[in-house]
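Per TrEMBL, these features apply:
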- 57-199: domain 'SIS' (DOMAIN)
- 225-284: domain 'CBS' (DOMAIN)
- 293-346: domain 'CBS' (DOMAIN)
- 74: site 'Catalytically relevant' (SITE)
- 126: site 'Catalytically relevant' (SITE)
- 167: site 'Catalytically relevant' (SITE)
- 208: site 'Catalytically relevant' (SITE)
């Protein structure tokens, strides 16, 4: 982000009060607030101690145990989010409620673990009470604060100071900037750990099986294709009009034309039917599927990624609604449809 020199904060506050009193927010006030927040974030980026950040990141990378994150209030929400991000990256992490920890949950902490304590002030009472309990378990303690020389820092093994110019709140009270920099800090460290651990796309997708990210990287054609009795199959010698039921009943919008060994010969679509009827008239009653089928259809293998099938369907010169699935010896084993891919969440 480039540095910006925002208008006077007092002017922004004055404008904010006016718009609040009139039950209206004008565009200038909103723009000024965004510029002020950007300036406060620039202060964080320009003043953060990268040596502290590097030591912290290396500690998490080398930890053989669990990485616990803890905080109270808004910092607690951020701590939970950072922990969940690490879990999604296959890093063992847990959010530890400081209140619950003092009533039994501290039992989950053991030697070799790291406990990261997030607090803007470094004076949060619940965290100060948690420190000796976590230390007794043999865990390494890290304070992530925005006040240098805080009580929490003095009690921990390591401190990372997140530079905070002020909160965007006109009273400098609501934690809207401090939590933003906590989130930026935590997520950036998470991605650094992701890179250092050489996490692959496939491993990342394995942790997101229900989402579109995971499905696009996990699902293969064989996972979403129709097969066996679901296939609209016919022979090239079959009359077109005799195969209308097969064409319309399987929900694929086509016929898959095969030989006696189940090798794919071609495809005949409902669009082909309309064009043939328009061009041939009554002669269509004597035409076979083999005479009018497309003998060079787009095809795909069962081990191709499902997302690749979608791209192949949408490729020029014109999109198609299905792809026959064949194995290495050109034997038809299934069909994947656009509707099937969309239904699968791709």
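The backbone N, Cα and C atoms fix where each Cβ goes, and this holds for glycine too.
Just so it is clear, the model here is predicted, and its values are computed rather than measured.
Shown on the structure are the features that TrEMBL records.
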residue : record                        : Cβ contacts under 8 Å, 6 or more apart
74      : site 'Catalytically relevant' : 175, 179
126     : site 'Catalytically relevant' : 72, 98, 99, 102
167     : site 'Catalytically relevant' : 40, 173, 174, 175, 176, 177, 178
208     : site 'Catalytically relevant' : 88, 214
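Shown for the domain 'CBS' (225-284): DSSP residue counts in helix, strand and coil, namely 28 helix, 17 strand, 15 coil.
Secondary structure of the domain 'SIS' (57-199) per DSSP, as helix, strand and coil residue counts: 65 helix, 24 strand, 54 coil.
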